[in-house]
Amino acid sequence: MPNRCIRPGDNPDLTKERETCTFDTDELAANLYGSRRNLERRREISQKVSADPDFADPIPHEFLSREKAVDATAKKSKVIFQKWKNLVKPEEMPHLVNEAVGIQGFPLALHHAMFLPSLNSQADDDLAAEILPRAKAYEIIGTYAQTEMGHGTNLRELETTATYDKTTQEFVINTPTRKAMKWWPGNLGKMSNYAVVCCQLIIDGKNLGPHNFLVQLRCEKTHEPLPGITVGDIGPKIAYNTTDNGFLALDNVRIPRRQMLMKHAKVSPDGTYTPPIHAKLNYGAMVHVRAHMIYSHGHLLARAAAVATRYSAVRRQGRIENGGPEVQILDYQTQQHRIFPQIARAYAILFAGQEVRDQYAKTLEGIANGQADLLPDLHALTSGLKSVVTFMGGLGIEQCRMSCGGHGYSDASGLPKLYGVQIGGCTYEGENMVMLQQTARYLMKGVKWAEQGKSLSPSIAYLGKKSGKSLIGLKGGDITREHEAILETLEHTARRLAIDASQLWEKRIKGGECKERAWNGVTVEMNRASRVYTRLFMARSFHRRLLSSPSSIRSVLSDLFSLYLHYECVDMAQHLLEDGHCNGGQIQYLKKRLYEDLTTLRPNAVSLVDSFEISDRELNSVLGRRDGNVYEALFQWAKQSELNYTDVLPAVKNYMMPMMEENRSKL
Ligand SMILES: CC/C=C\C/C=C\C/C=C\C/C=C\C/C=C\CCCC(=O)SCCNC(=O)CCNC(=O)[C@H](O)C(C)(C)COP(=O)(O)OP(=O)(O)OC[C@H]1O[C@@H](n2cnc3c(N)ncnc32)[C@H](O)[C@@H]1OP(=O)(O)O
Ligand SMILES: Cc1cc2nc3c(=O)[nH]c(=O)nc-3n(C[C@H](O)[C@H](O)[C@H](O)COP(=O)(O)OP(=O)(O)OC[C@H]3O[C@@H](n4cnc5c(N)ncnc54)[C@H](O)[C@@H]3O)c2cc1C
């Protein structure tokens, strides 16, 4: 079967890998990206970005100071949002951005991720008509300023206030304390001149909770901060260092009434407050990002898996048997066990990410028509997925990094930066432990609804089913039935954990604790139930994708799905065993099947990551290059280190040489 990545001059080990491929890599890539046309567009964009001199990097970003890297990123962003803007469709933008500027953020990241979505979904018609065309035309740059130095998770306790002044029909926006400063918002520090600012709405002394307001921060002509506004960058971070995460203090800044985002909640000129149709519609921008970050985080793991797999195919070290050449490290079972599950998980996350994006679009449609009934399910699912995927992705990228040995520790591998970006997702958009509890709240309701025989939405329909005996290992070689048996076992486990957590909670309440304290006593179990609910959704979503895939890729997807299921079950063995639903023999069976999967997938490993269709520029990894010629590239990369601009560094001349000289003269 063709792997279309084969080219003359490639590392022969990689070529051999590609020649053993049993499926059409283009078919799988087209399936992943939705169609042949999408795949072609993806390639076209990659090629055009590489050929555009405006995107050329004189030296790799890794060797730039933060200020220079921010500068280079801003320069490229201008090219994207002026020259390229009309050449790509909105849904192609993230790929263009990744390709042209990389993954560490760019001046318009929050403008796209949160400012525009907040205005789109929360501004009333008048404000939207005034501000959206300007924002969409990049006449202004905006961000989303919610988190404060003292509060990020607990939005109810945010301190920034928007007090309505009826006499002038204005809101007075104020930062009352040091820890009430907005702290962290992306692109707030230096790039944005506007922000959606989340404040406690105060009318006639009554606090009506967090609401969003459009605030101008900087002069449109000079970009200087406006009077009453203190704004700046919070300094370097683990990653995202081309993003100016910022701080902001507002000293009784007045804005017109109509700059409150009033599509859902409203304040009339006389100060009458009308609540929204759903209390949490003000939190919509967060749901937007959570729904979209699943896919983009799947892509981060895909990149790491591509780097580790390709490098492991060209890296030869040690021997499995005496005699013969050194082996490709990809032939070590431990290496396969480290990397192949990451390939499978990356596909699983990407598939789930696509499903949840569709679900988000449907929910938004409903809200536009005055129906918010799909929101609770979406909120539970996105909260769970966001938490599971970012954590799983972080672990996976770290496994990939370690699997590349010493070179994985170098920035040349691209893996440290990937890791830094990925784990940011464990914190932003709601800290993972907190978001899993949001999912758990929904599960607890689901358990009750199931007990009462009420109808359940698809993502929790399993709560209403009855468990049979686990059929894992008893399905006699039929792979389709084995997949079903495992999915049913996962359903049982997810149901059982939710019911157990619910009973533990109830027991504590019956024991005299208030609901909230009792909740805190069972949150580890609650979050466990949420994780398994989420992992069940991911498995089901992968299964749906497998069943709808064309026959040309069905077999390789089925192999990958088998590995995915076996790995997840072994990883969750404790949960499967705890209530005796599975026995030790069944776990041994799953492990045996997993080791078989590693062998089955080995010939297709490189081709599976080739189907992620990530260009060399986007991958930005010397180890993961498509042609596999890593050693020469590694040397060329290192030569660009600024420490190599001169043979004798001033640091050596000024300190080390005099020290050695002084010590020598003492002898
Ligand atoms: C063209 C394109 C070009 C370019 C590329 C595009 C994109 C850009 C590219 C890159 C961008 C990259 C990266 C972006 C990076 C970073 C962005 C990060 C931004 C942020 O971090 S913003 C700040 C996020 N902050 C949080 O998430 C805070 C978390 N806390 C909360 O959400 C809440 O405080 C809470 C939910 C934990 C608690 O809130 P509460 O106390 O008010 O509520 P309760 O717990 O009591 O719940 C009551 C009730 O409400 C339900 N609920 C809660 N939240 C929601 C919600 N969001 N939606 C719906 N329902 C919600 C909850 O379930 C309860 O329901 P119940 O029925 O009563 O049980
Ligand atoms: C890279 C990055 C980008 C960001 N971008 C933005 C942005 O654009 N706009 C913006 O407004 N914000 C942004 N943030 C802020 C981010 O959303 C918050 O940091 C995040 O929501 C967590 O809040 P916190 O910092 O208050 O953590 P805390 O709530 O202080 O968390 C600290 C610890 O306490 C635990 N904890 C807190 N509450 C509970 C609870 N109820 N139950 C159990 N444990 C709990 C947490 O799990 C965690 O372990 C960004 C953050 C990062 C890292």
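Cβ atoms are placed via backbone N, Cα and C, with glycine included.
Any TrEMBL annotation is an automated prediction that lacks curation.
Note that the structure is a prediction, hence the values are computed from the model and not measured.
Taken verbatim from TrEMBL:
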type	residues	note
DOMAIN	24-141	domain 'Acyl-coenzyme A oxidase N-terminal'
BINDING	T147, G186	FAD binding site
DOMAIN	283-444	domain 'Acyl-CoA oxidase C-alpha1'
ACT_SITE	E429	active site, proton acceptor
DOMAIN	483-661	domain 'Acyl-CoA oxidase C-terminal'
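Where TrEMBL records a feature, it is marked here on the structure.
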{"residue": "T147", "record": "FAD binding site", "DSSP (3 states)": "coil"}
{"residue": "G186", "record": "FAD binding site", "DSSP (3 states)": "coil"}
{"residue": "E429", "record": "active site, proton acceptor", "DSSP (3 states)": "coil"}
Practice task
Would you count the other C-beta atoms found within 10 angstroms of the C-beta of E429 (active site, proton acceptor) for me?
Solution key: 24
Practice task
Please work out the helix, strand and coil residue numbers for the domain 'Acyl-coenzyme A oxidase N-terminal' (24-141) from the DSSP assignment.
Solution key: 91 helix, 0 strand, 27 coil
Handout entry: Those binding-site residues listed as T147, G186, and which of them has the most Cβ atoms within 10 Å of its own Cβ
Key = G186
Practice task
Could you state the whole-number distance in Å separating the C-alpha atoms of G186 (FAD binding site) and the residue listed as 'active site, proton acceptor'?
Solution key: 12
Exercise for the section: Would you kindly give the Cα-Cα distance separating E429 (active site, proton acceptor) and T147 (FAD binding site), rounded to the nearest Å? Expected result: 10
